[in-house]
Amino acid sequence: MRKDYLNSNKDSLSAPEKEIERALRPHVFADFTGQEKIVANLKIFVQAAKERKEPLDHVLLHGPPGLGKTTLAHIIANELGANIRITSGPVLDKPGDLAGLLTNLGPYDVLFIDEIHRLNPIVEEYLYTAMEDFKIDIMLDSGPSARSVQLNLNPFTLIGATTRSGLLTSPLRARFGINTRLAYYDVTLLTQIVKRSSQILNVPIEESAAYELARRSRGTPRIANTLLRRTRDFAQITGSGTITQQIAQMALKALDVDEDGLDEMDNRILSTIIEKFHGGPVGISTIATACSEESETIEEVYEPFLIQEGYLHRTPRGREATPKAYKHLKLAPPQRAGTLFE
């Protein structure tokens, strides 16, 4: 079962958790930590669009969950001084849903579509002319009396976010003038984020404790903030309210987050590949079945970090465990078979 701090679905958070997440979210570029090159470029693009009194070019933000795509979308809207309308790909089931959103946008407003790779193909086609020409064709009636009516739209900026940019169609991808990929964070930046969030939450934290949480956060700010909130609970109930390194280590152990930031499901994936399938290669659907998890969840939430950190290899024949995975699980790697001439 997926841990809540790895949950890529922001909508699954409770109302109080959503309020806390909003409070922790930066609202301007100056408060956003990390992704320096991306932020520097976006500052220039936003300022130039404002000076020309033009809509900002459409923006595609892609990368693993929890790195700040939604936060950047809100910051862009704030910096533009524009309203933002928020939706997601699966919600836009019919062209009429999209038309309703687009026709209600004011001049230079921002439309943010999360999980844009999951757009209905029919809806996506309607989006093309809206993005290029700020027009949309809608069908009135049906059958022999059906007719198409073209509606003019206010100039707007579409911001799309996706964890799986490879699933975007070429025509849709080509219509984004600004295409950026967010990268995992290093421990130094995550430590800064943990300390900033602790100040907002008004919870004292030791430097060593902030570092401890940061280094086990899988390079992901959202996970760092969630671990901070859970550790705050332990500090409140079992300590003096201050998050010490000892409290942090105790909380992380209780949450099954090991020294390398891997949780119970990470270790289950690795041990499944090694113990049930002799280290691989093995297909993702087979791994998902063996681990009682969805293939999409493994691909989007767990696999990117495991590959990034060198625990997994992705090959044409499937996933393979690396020597680092064997070492992490304290297992002996298999001996390579000798060649004919050895």
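Positions of Cβ are set from backbone N, Cα and C atoms, glycine also.
The ATP site recorded in Swiss-Prot comprises L24, R25, G66, K69, T70, T71, E132, D133, F134, R175, R222 together with one of Y185, Y211, namely Y185.
Highest Cβ count within 10 Å among the binding-site residues R314, R319: R319.
Highest local Cβ density among the binding-site residues F134, Y185 belongs to Y185, counted as other Cβ atoms within 10 Å over all protein chains shown.
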